[in-house]
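Participant: Take this structure, written in structure tokens, and hold onto it; I'll ask about it next.
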Amino acid sequence: VAADEGILHASGSGVPPVTKDYCIIYNSNWISLPKTLDNATFRTLENLTSTVLCSSSEVPSGLMKDKAVVVMRGNCTFLEKARIAQSLGAKMLLIASKSRLSAISDNKTDFEDVTLPIALIRYNDIVDMQLVLGNEVNVTLYSPPLPEFDYSMVVIFLIAVFTVALGGYWSGVAELENLKAVASPGERETRWKKEENVTFTPVTVILFVVICCVMLVLLYFFYKWLVYVIISVFCLASAMSLYNCLAALIGEIPFGQCRITCSNKTIEVRLIFLAIFCIAAAVVWAVFRNEDRWAWILQDILGVAFCLNFIKTLKMPNFKSCVILLGLLLLYDVFFVFITPFITKNGASIMVEVAAGPFGNSEKLPVVIRVPRLEHSASTLCDLPFSLLGFGDIIVPGLLVAYCRRFDVQTRSSSVYYISCTIAYAVGMVLTFIVLALMKMGQPALLYLVPCTLITSSLIAWRRKEMKKFWKGSSYQVGWRP
């Protein structure tokens, strides 16, 4: 069964003619459509959606001669309709469907004499065609190849690099405040109370990777239940993260600092409104998460806030822990993308299946940055395909970038580690997109991001003769002075 996506290009009779494109589904085993409009032949459209064309007696003789005909989906098969239409002189058959477009399948063996193009189109598109273009419409079919590159990748690239760079910088600002507090005993206790960082040790790194593996396998087998758990956790975590990000910005504004007292505690009124806003944003996304036209924007905003807060909050104590974490997660990524197809029954990658929703599940995991494809193609008409980048491909290298930034702060090295690692991350992203375009299949981004960032950081430390301090990361902050 072949379900190929194509384009119906319709032109009205006005001057200049109004044109519009619509999605069609056809079977490439039956017909071969031209790849461009230059080689396409236009036919006058005859709207016969009042009939299902299961009998030649349903339409007057001569009405279909040399025309493109659209009829309704009915009890007879596609090829039975096509044989009747061809016998009555039609040059193209469109079958309108009020239900979701699906694959066109029939036994072609008994219909070798049928040669006219056959395509499935949405009934609503036929109605729209008459409203927009009028009753006199010329149509043609073509199927352009998918573009090698889509500008949605540029948007993904900018979001990822911005998040990693800002997360690392924010982590460095927090580290600078910590060091100032250490140098000033009067501020030390206050700063420790505000500090919410969690430090990863090599043991917790290994435990974290094991949990990731277990969760991915559980999601593969119990997706239709666990997906709602992940959605709930994402709503809660992203609302808190958005609050933390915006509160850090609001804290720099010296206006609107009125407070209220409750249970011997004071809180700024503006922070109460901020909390309500963040909760509302997460709730709105949860309710409208399947609305492809705009919900992706809200998901990306919440996702960026989640990644920023994660990068800032989770501290890697040294380069050794960074190497262990990034190395293990690289192996994890490669195994679940490239190795698991040899293990699963359907030969599909566990990682790709979970990301897309296994077994045709309509609910998708909200752990990716999503940007709709921007290049015009049959796919963008028939569906709304998205370019995706997992949160892990931002957070994991982002933790190394944050460590580099803190090391710069603690050793006063003029941001050389931070800038170099951020540039290396950007280079790794470009490399990922190049391989993606060449191989035309999902790629484990960490396969390219991890070597770029680790090797660059190591070379900078080696060149500056600071590898021992960079690797151990334990006592180089001693003696720091503001």
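Backbone N, Cα and C atoms are what each Cβ position is placed from, and that goes for glycine too.
Quick paste from TrEMBL:
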DOMAIN    54-125  domain 'PA'
TRANSMEM  151-170  transmembrane segment
TRANSMEM  198-222  transmembrane segment
TRANSMEM  228-250  transmembrane segment
TRANSMEM  271-288  transmembrane segment
TRANSMEM  294-311  transmembrane segment
TRANSMEM  323-343  transmembrane segment
TRANSMEM  384-404  transmembrane segment
TRANSMEM  416-439  transmembrane segment
TRANSMEM  445-462  transmembrane segment
Participant: Using a cut-off of under 8 Å between C-beta atoms, tell me which stretch among 151-170, 198-222, 384-404, 416-439 contacts the transmembrane segment (323-343) the most.
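Facilitator: The listed stretch sharing the most Cβ pairs with the transmembrane segment (323-343) is 198-222.
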Participant: In the same chain, which residue numbers or ranges, 6 or more beyond the ends of the transmembrane segment (294-311), come under 8 angstroms Cβ to Cβ?
Facilitator: 159, 162-164, 166-168, 170-171, 234, 237-242, 244-245, 281-282, 284-285, 288, 366-372, 386, 391, 394-395, 398-399, 401-402
Participant: Within the domain 'PA' (54-125), how many residues are helix, strand or coil going by DSSP?
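Facilitator: Secondary-structure composition of the domain 'PA' (54-125): 20 helix, 17 strand, 35 coil.
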Participant: With pairs restricted to those 6 or more apart in sequence, evaluate whether the transmembrane segment (416-439) and the transmembrane segment (198-222) have 3+ C-beta pairs under 8 Å.
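Facilitator: Counting Cβ pairs under 8 Å, fewer than 3, so no.
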Participant: Are there residues at least 6 beyond the ends of the transmembrane segment (151-170) whose Cβ is under 8 Å from a Cβ of it, and what are they?
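Facilitator: Those are 248, 300, 304, 307-308, 310-312, 369, 371-375, 386-389, 393-394, 397-398, 401-402, 404-405, 418, 421-422, 425-426, 429-430, 433, 436, in sequence order.
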Participant: Sort out the residues at least 6 away from either end of the transmembrane segment (384-404), same chain, that have Cβ-Cβ distances under 8 Å to it, and list them.
Facilitator: 150, 152-153, 155-156, 159-160, 163-165, 167-168, 171-172, 200, 292-293, 296, 303, 306-307, 310-312, 314-316, 318-319, 322, 325-326, 329, 333, 355, 367-373, 417-418, 420-422, 425, 428, 445-446, 449-450, 453-454, 457, 473
